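Notes for the one structure printed next.
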């Protein structure tokens, strides 16, 4: 087949089937992404204590959880404590990381100082170092310093990698920021602080919010680092891990589904806040 | 006594090893329109930024009225800037953009009659400063002034628009309105018309000049466009390589350039180098076999140059009896709109550009023809630099 014939054949194929092929491919990608989650949600309504086989619809696991009964070895009180720990760690981590991460991003963007390139490179390290290395090194550090492991050390550990995520995202936003706007504000009589408040911050706000959301997810999600440094406390991922080791129970599915719903609500709220000027 | 709004005294600015501005001094009279004109990289924008406070002079002093302002922050200076990129705040409406300066200066209430006339209008007081961090207040005073300035720039209905909804020309006017609303002592404009198309730019040149005369505010305007400078300015400061080449009115700059750079940069000119000599009748410059009568200059001597504008050169019979009269050969022809431009070669090989109106002399000139050309000594400006 000559090249020109091949081209004709290809363009005809594209014209006749291109759209369908693209739609099918897109469909597969989404199936790949969402089928496992759908299965988990479905099984949280499955009327079976152990099997991963569909046995009929029930809401009994949800009712049991909300009334505080243990379902298939999952103790709701322990799950609740684990969730509380996860939330406390994530919230404190995000607040501290956003504050210091934004400040670090501003410093790296604005100032030329000795060691800036080194510092900028080092910021990315926690994103690259394997979590397991991070976990071990933090464990060593806390042991040497003599800090008792628990929620506090977990927070410190999470901040150590969360600052990087916030910094990287805010820095990206700052690099597309037009500095002339700040000059204009100061020219009009705004002090440095007023300029930051009314011009810089509103314009880098999407970066800060994105950094906070990612930082929250990273902290809330983290298993490996937390596992090394939290001592005998539980976070939700560690609690789940303990449960799943003894087989998947409907209780795990229920809690995971509820977390998913909670996450969606948080994201919806965050998007609503994005539109409002601080 | 003449009052000066802006005064630069021996100002230099170094960035590391690079000299951006070198020993520049000038004064801008109250209510005048001064243009800093020069090619890119000549230091004109740096000079403007030193007046605005975005750069600190390495040497010399900057004065606003009688106050030395070297060490004042941009927000402490009673200057407003119109930026080349407009720098309108994208997250605020047109009205909010314009109101911003008034709000940050603590208007209304905090500015008293006593400091109304001072150079620094930044209102002090901890409570005011704190309030401005929590919220930006609107007020009737602010609304009135925003509306008034919107009418001034002929966009009275635009207060609630988003910046992204405006055309380039409208953004330009809003940037101007935002800078004017605080009633600055001096308005600084950094190539504000650079981003507009030719027709709009022409219109805005006239409007800006009218506005400046109407308001009586001192303008310091930066441009690399000589035509813009000649159209709008009371005075032009021509800059090159960080130095001030010449300060004068448009006519002075054009008719009496002080240096080869100015003669060459403003309009079109013929530069002829040679040896200067004075005699009883005046002065002359000799280039090879030809001697040109030129305007005498006190500081002139040795090898220097003179400038003769293409439109000052007369042709044919018109050239007879002038101080300078030569025969020349037409070697090239350039058309530019209604103007016929020709390149002629003198006996000594020197080439000159001459203008003529096509309407007058149609096909009077053609390549290869020998013609007579001439000009008055008073039009041949001797250049000592």
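The backbone N, Cα and C atoms fix where each Cβ goes, glycine too.
Listed by sequence, the residues of this chain that lie at least six past the ends of the transmembrane segment (A:21-45) yet keep a Cβ under 8 A from its Cβ atoms are 52, 54, 57-59, 61-62, 248, 250, 253-254, 256-257, 260. If you look up TrEMBL, you'll see A:21-45 (among others) marked as transmembrane segment.
Under the heading domain 'ABC transmembrane type-1', TrEMBL lists A:83-270.
Under the heading transmembrane segment, TrEMBL lists A:87-109 (among others).
According to TrEMBL, the transmembrane segment annotation covers A:121-145 (among others).
Feature annotation from TrEMBL assigns transmembrane segment to A:151-172 (among others).
Feature annotation from TrEMBL assigns transmembrane segment to A:207-230 (among others).
For A:250-270 (among others), the entry in TrEMBL reads transmembrane segment.
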Best-packed against the transmembrane segment (A:87-109), counting Cβ pairs under 8 Å over A:121-145, A:207-230, A:250-270, is stretch A:207-230
Per the Cβ filter (under 8 Å) with a sequence gap of at least 6 from its ends, the transmembrane segment (A:151-172) is approached by 85, 88-90, 92-94, 96-98, 100-102, 104-106, 108-109, 123-127, 134-135, 138, 142, 204, 207-208, 210-212, 214-215, 218-219, 222, 225-226, 228-231, 233, 235
